[in-house]
Amino acid sequence: MNLLTVGLSHHSAPVRVLERVAIGADELGKVLHELLQRDHICEAFVVSTCNRVEVYAVAETFHGGLEDVTSVLARHSGSDVAELTDHMYVFYAGAAVEHLFSVAAGLDSMVVGEAQILGQIRQSYGVADEAGTVGRTLHELAQQALRVGKRVHAETGIDSEGASVVSEALADAETELGGLAGRRALLVGAGSMGGLAAAQLRRAGIGEVVIANRTAVNGERLAESLRTDGVPASAVALDGLRSAISWADLVVTCTGAVGAVVTTEHVETGDRGPLVFCDLGLPRDTAPEVAELPGVTVVDLATLQRRLSEQQGGNESERAAAIVAEEVRGYLAAQRSAEVTPTVTALRKRAAEVVDAELLRLDSKLPALEGDVRDELARTVRRVVDKLLHAPTVRVKQLASTPGGSGYADALRELFELDPQTAAVLGTAQADDGRARGSASVAEARRAGAPGARDELRDLPAQDGDDR
């Protein structure tokens with residue numbers, strides 16, 4: 001089996017590509033089930049945010065799994081596979097573990113250190129768990145990633161290096177408007193991103209908020225929450241956008257809808273002050289033509305991506321990265337140690353069978369042996385065998401936790417002629433430093449999977465069946 005991460009993010013793809021591939025909440029279950037219907041995918045969950053779309057999967061073969069994931073994403077986005085893979089990356093084995101831990105820690109975010117991604121991973125896993133597309137491998141991986149993210153935020157000050165994309169967008173709006181205190185804001189969308197934006201607006205001292213949402217009850221619920229916190233707020237239907245925009249100084253959009261929600265027809269640019277749009281949707285909620293209107297400024301994910309692409313983490317990011325590296329080593333060591341357990345179990349089973357056979361032989365040779373004597377002999381033989389096996393079985397578990405340690409389990413199976421099916425161990429290609437090798441662009445990986453082209457991508461792990 002192979003652990004794969006296949007995806008796109010702000011690091012590898014422009015917003016125009018990301019918004020085509022973005023998977024809305026109402027589509028996520030369908031995409032997950034389509035992945036599981038493919039020939040090589042055994043488990044899967046998908047993280048789709050404003051900055052990334054990533055599939056975490058357990059596949060029977062590396063290249064088969066890669067082809068399955070890329071074809072599903074291409075079909076979903078309506079893109080050609082070759083065009084899409086130019087912007088995609090793949091991590092496998094330990095590198096996939098390291099990537100997810102880094103994402104959970106906020107180290108791979110557009111705004112380094114933002115904590116929102118933790119909730120997004122938790123929600124993504126929850127959807128997959130409910131859909132029945134995750135098994136033991138991804139369950140353990142996702143839960144450990146969430147623990148790593150929490151530890152990083154608890155033990156470092158990485159939060160101070162970046163709150164969220166929302167805070168960065170509102171900081172730009174504050175600059176354009178000369179401050180947000182007392183201003184009027186229209187919030188389009190009342191989902192998780194909308195809730196985060198509402199909280200940021202409240203902290204910025206916004207004067208009043210109107211919430212427009214497709215589902216009226218959700219918009220009213222968010223408005224009530226703001227009113228409870230002392231911010232005047234009300235909710236309107238989406239068909240009231242034009243009048244609400246004419247009233248607002250700031251419009252924050254985060255609907256997750258497919259296609260533009262705000263067009264030039266919604267915006268009046270007559271005798272009024274500056275109007276700022278913070279478009280946090282993926283795909284974008286605001287039509288590109290809106291940015292060309294006089295007096296209008298649009299801050300969107302593409303704007304933030306350009307500005308933050310050169311952002312470098314400070315000392316807290318380095319501390320966070322050290323924690324991630326430590327956690328990756330620990331996780332991989334634990335996985336390798338767990339993988340040798342079937343071999344140890346098979347060895348002890350073989351020893352017990354030998355003891356039982358010898359005791360039966362003793363019974364046939366000495367049928368008159370008294371019961372208490374026979375029982376003491378049996379206990380003695382079993383104690384001797386247990387003591388002989390104790391040191392090597394403990395040691396093999398310790399050695400198995402080191403890079404390349406699976407070879408010790410192989411040696412045990414060979415020496416004691418253990419059934420490889422009974423003592424199956426899933427191998428993972430490891431680098432000398434304990435981190436599994438395994439990252440490349442999807443284009444490189446797909447070329448490496450083509451006949452006659454395997455040498456183009458070095459260090460690919462051995463695969464099952466025809467992919468070996």
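Each Cβ is built from the backbone N, Cα and C atoms, and glycine gets one as well.
Here's what Swiss-Prot has on this protein:
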type     : residues                                         : note
BINDING  : T49, C50, N51, R52, S109, E114, A115, Q116, Q120 : substrate binding site
ACT_SITE : C50                                              : active site, nucleophile
SITE     : H99                                              : site 'Important for activity'
BINDING  : G189, A190, G191, S192, M193, G194               : NADP(+) binding site
REGION   : 428-468                                          : region 'Disordered'
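Everything Swiss-Prot records as a feature, shown here on the structure.
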residue	record	DSSP class
T49	substrate binding site	coil
H99	site 'Important for activity'	helix
S109	substrate binding site	coil
A115	substrate binding site	coil
Q120	substrate binding site	helix
G191	NADP(+) binding site	coil
Quick check: of the recorded positions listed here (C50, N51, H99), which one has the Cα closest to that of G191 (NADP(+) binding site)?
C50
Which whole-number value in Å describes the distance between the Cα atoms of H99 (site 'Important for activity') and S109 (substrate binding site)?
12
Between Q120 (substrate binding site) and G194 (NADP(+) binding site), what C-alpha distance do you get in Å?
14
Rounded to the nearest Å - Cα separation of M193 (NADP(+) binding site) and the residue listed as 'active site, nucleophile':
10
Which one is closest to N51 (substrate binding site) in space, judged by CA to CA distance, out of the binding-site residues G189, A190, S192?
S192
An 8 Å radius from the center of the G189, A190, G191, S192, M193, G194 Cβ atoms defines the neighbourhood of the NADP(+) site; name the other residues of that chain inside it, in order.
G195, L196, A197, N213, L222, C254, T255, G256
How big is the Cα-to-Cα gap, in Å, between G194 (NADP(+) binding site) and T49 (substrate binding site)?
13
Which residue among the binding-site residues T49, S109, Q120, S192 has the fewest other Cβ atoms within 10 Å of its Cβ, if you could check?
S192
If one measures from the C-alpha of A115 (substrate binding site) to the C-alpha of S192 (NADP(+) binding site), what distance in angstrom results, rounded to a whole number?
13
Judged by the number of other CB atoms within 10 angstroms, which among G189, G191, G194 is the least packed of the binding-site residues?
G191
Write down the Cα-Cα distance for T49 (substrate binding site) and A190 (NADP(+) binding site), rounded and given in Å.
16
Would you say which of the binding-site residues A115, A190 has the most Cβ atoms within 10 Å of its own Cβ?
A190
Between S109 (substrate binding site) and G189 (NADP(+) binding site), what is the CA-CA distance rounded to a whole number of Å?
22
Residues near the residue listed as 'active site, nucleophile' in space but at least six apart in sequence (CB under 8 A):
V165, M193, L280, G281, L282, L301
Length of the line joining the Cα atoms of G189 (NADP(+) binding site) and T49 (substrate binding site), in Å:
15
Need one number for the substrate-binding residues T49, C50, N51, R52, S109, E114, A115, Q116, Q120: the maximum pairwise CA distance in Å, whole number please.
15
